[in-house]
Amino acid sequence: MPKLRSATSTEGRNMAGARALWRATGVKDNDFGKPIIAIANSFTQFVPGHVHLKDMGSLVAGAIEEAGGIAKEFNTIAVDDGIAMGHGGMLYSLPSRELIADSVEYMVNAHCADALVCISNCDKITPGMLMAALRLNIPVVFVSGGPMEAGKTKLSDKLIKLDLVDAMVAAADSSVSDEDSAKIERSACPTCGSCSGMFTANSMNCLTEALGLSLPGNGSMLATHSDRRELFLEAGRRVMALTKRYYEQDDVSALPRNIASFKAFENAMALDIAMGGSSNTVLHLLAAAQEADVAFTMDDIDRMSRQVPHLCKVAPSTAKYHMEDVHRAGGVMGILGELDRAGLLHTDVPHVAADAGGNLKSVLAKYDVMQTQDDKVKQFFMAGPAGIPTTKAFSQDCRWPSLDDDRREGCIRSREFAFSQEGGLAVLSGNLADNGCIVKTAGVDESNLTFTGSARVYESQDDAVAGILGGEVVAGDVVVIRYEGPKGGPGMQEMLYPTSYLKSRGLGKACALITDGRFSGGTSGLSIGHVSPEAAAGGTIALIENGDRIEIDIPKRSIKLAVSDAELAARRETMLARGPMAWKPLSRQRYVSMALKAYAMLATSADKGAVRDRSKLED
């Protein structure tokens with residue numbers, strides 16, 4: 001049987017000092033020998049998705065200790081991408097993912113914890129903790145803070161649903177009055193929780209369910225609803241069950257690398273494509289797969305994007321549905337159930353919600369609202385919003401009058417009635433992106449599935465924003481924002497402001513945007529990101545000139561710079577002649593801290609998940 005990792009610091013005369021310190025944290029004589037469960041919390045008052053997490057660790061700890069474990073909590077950092085947006089703060093967002101992963105690894109390994117509960121929520125926190133959990137490969141359960149309720153307000157006597165992006169677009173639209181803009185801003189984010197649409201945070205929390213590492217409802221149950229409390233308690237109980245299975249029964253199926261297998265990554269990607277998740281999820285799944293030593297690549301994503309239909313359309317792709325509506329329709333388990341009936345899901349994989357010997361099939365039998373016979377499960381998915389602004393978790397217990405089980409015209413569709421037979425994300429490739437790039441097709445209007453336009457090139461997001469607002473960009477342009485990749489930014493900024501401002505100026509369907517940076521989960525429109533290789537790594541995007549014709553064909557998965565090979569070769573020679581300034585922006589003025597320079601030295605392009613280049617670290 002595997003020995004408890006914590007025995008390293010709790011057994012033997014040579015560990016008398018360590019035991020003395022453990023005692024000072026509250027450990028008693030009869031506690032030694034029990035498994036020590038680390039609780040990685042990410043509470044912070046900076047982030048609405050985390051502002052309510054302060055007491056969640058205590059909830060989980062109570063369940064752990066009741067089940068026979070010792071619970072020890074620590075915190076990680078958490079960056080709010082929305083607050084960091086539009087200024088130099090966004091340079092720190094993606095690099096914070098690596099810091100979070102490292103900090104969890106450091107704490108767990110330094111203190112020899114036996115298992116782990118990850119309390120996450122927003123954009124880089126769930127991916128960072130996921131990377132750490134797969135790196136550590138000890139029993140783990142994820143439980144997130146949950147999504148906020150959708151904003152709601154009346155404009156022109158019409159009640160509308162809102163989110164963060166609506167506030168940004170309205171503020172930049174000169175046709176919207178100051179009064180209406182302020183009204184939208186005050187209504188857009190009414191409660192604690194991750195932003196209410198299918199943005200990056202909610203997408204990633206949904207994907208942990210599909211990977212098998214979190215409980216049903218984790219991705220969709222509102223932060224404000226009292227039912228969410230049980231998820232935290234059950235996370236504590238489940239991690240103890242997994243811990244006992246591994247350390248007492250030598251059951252390796254309880255370990256995250258055996259749960260998050262290649263099949264599980266395919267399930268997660270199938271879910272992502274079906275629900276039109278944030279394009280950032282591609283970046284994070286690729287990074288997590290590398291930590292798990294799973295050979296899941298852009299080629300797999302490309303293949304699956306052609307097979308999996310788009311079954312669930314949620315804000316920002318539509319104003320009609322938000323996460324509260326996804327939950328009413330059955331949440332992640334509802335979407336997975338439809339994928340299963342379409343023959344597009346592996347159900348023979350382990351899941352933390354399954355008992356020993358169980359798998360995803362047994363979890364779906366209980367939690368898919370279209371097949372369950374459990375009235376408690378149906379009540380669980382009827383949990384709805386209260387419409388009361390609050391920063392408190394579990395503050396309301398409102399319920400919808402019924403489930404949304406309409407698979408023809410509801411929030412979640414069956415394959416037969418899918419929004420489209422090809423999914424909500426696509427991988428494009430061509431001479432402009434030799435290693436691929438990503439477009440969130442769920443947010444692209446049908447009229448823009450093919451697009452040809454003239455390049456309007458900017459070497460920073462700031463310059464692009466100034467150009468868009470200053471009238472430089474006109475209908476038919478393809479806005480190219482380069483040197484914003486993981487290495488070139490550094491930090492791979494999100495481009496939510498440029499896409500929002502294109503919309504506010506009436507160019508949302510008249511222009512395309514291409515970048516080696518990335519997009520917020522709140523982005524929609526013909527926005528193509530993650531261009532690889534990035535400009536700073538010698539990618540063709542660095543060679544584009546103003547006026548070049550760019551051809552985009554999403555159905556054919558193609559993106560082409562209509563410039564001859566000979567001309568591109570000549571431009572490449574000219575670039576190389578710059579010497580030390582080759583593959584660097586000439587006009588951009590940007591302060592880059594030592595911390596960001598250190599990140600850039602090891603960063604890979606987006607097709608590798610923007611993780612560290614291991615070849616530079618190996619002996």
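If you go along the chain as it appears here, the first residue is 1 and each next one adds 1.
Cβ from N, Cα, C; glycine included.
What Swiss-Prot says about this one:
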{"type": "BINDING", "residues": "ASP81, ASP123, LYS124, GLU494", "note": "Mg(2+) binding site"}
{"type": "BINDING", "residues": "CYS122, CYS195", "note": "[2Fe-2S] cluster binding site"}
{"type": "MOD_RES", "residues": "LYS124", "note": "N6-carboxylysine"}
{"type": "ACT_SITE", "residues": "SER520", "note": "active site, proton acceptor"}
**Study point:** Three-state secondary structure, LYS124 (Mg(2+) binding site) (per DSSP)
**Key:** coil
Exercise for review: Around the Cβ of ASP81 (Mg(2+) binding site), how many other Cβ atoms lie within 10 Å? Please give the count over every shown protein chain.
Suggested key: 28
Revision key, fill the gap. Most Cβ neighbours within 10 Å, among the binding-site residues ASP123, GLU494, goes to ASP123
**Study point:** The one of CYS122, CYS195 whose CB sees the fewest other CB atoms within 10 Å, among these binding-site residues
**Key:** CYS122
Check your understanding: How far is it from ASP81 (Mg(2+) binding site) to the residue listed as 'active site, proton acceptor', counting Cα to Cα, in Å?
Key -> 8
Check your understanding: Helix, strand or coil at GLU494 (Mg(2+) binding site), per DSSP?
Key -> strand
**Study point:** Neighbourhood of LYS124 (Mg(2+) binding site) by C-beta distance under 8 A, where only residues 6 or more apart in the same chain count
**Key:** ALA78, VAL79, ASP81, SER93, LEU94, SER96, ARG97, ILE100
**Study point:** Nonlocal residues around SER520 (active site, proton acceptor), in sequence order (Cβ under 8 Å, 6 or more apart)
**Key:** ASP81, GLY82, MET85, VAL165, PHE199, THR200, SER278, ASN280, GLU494, MET495, LEU496
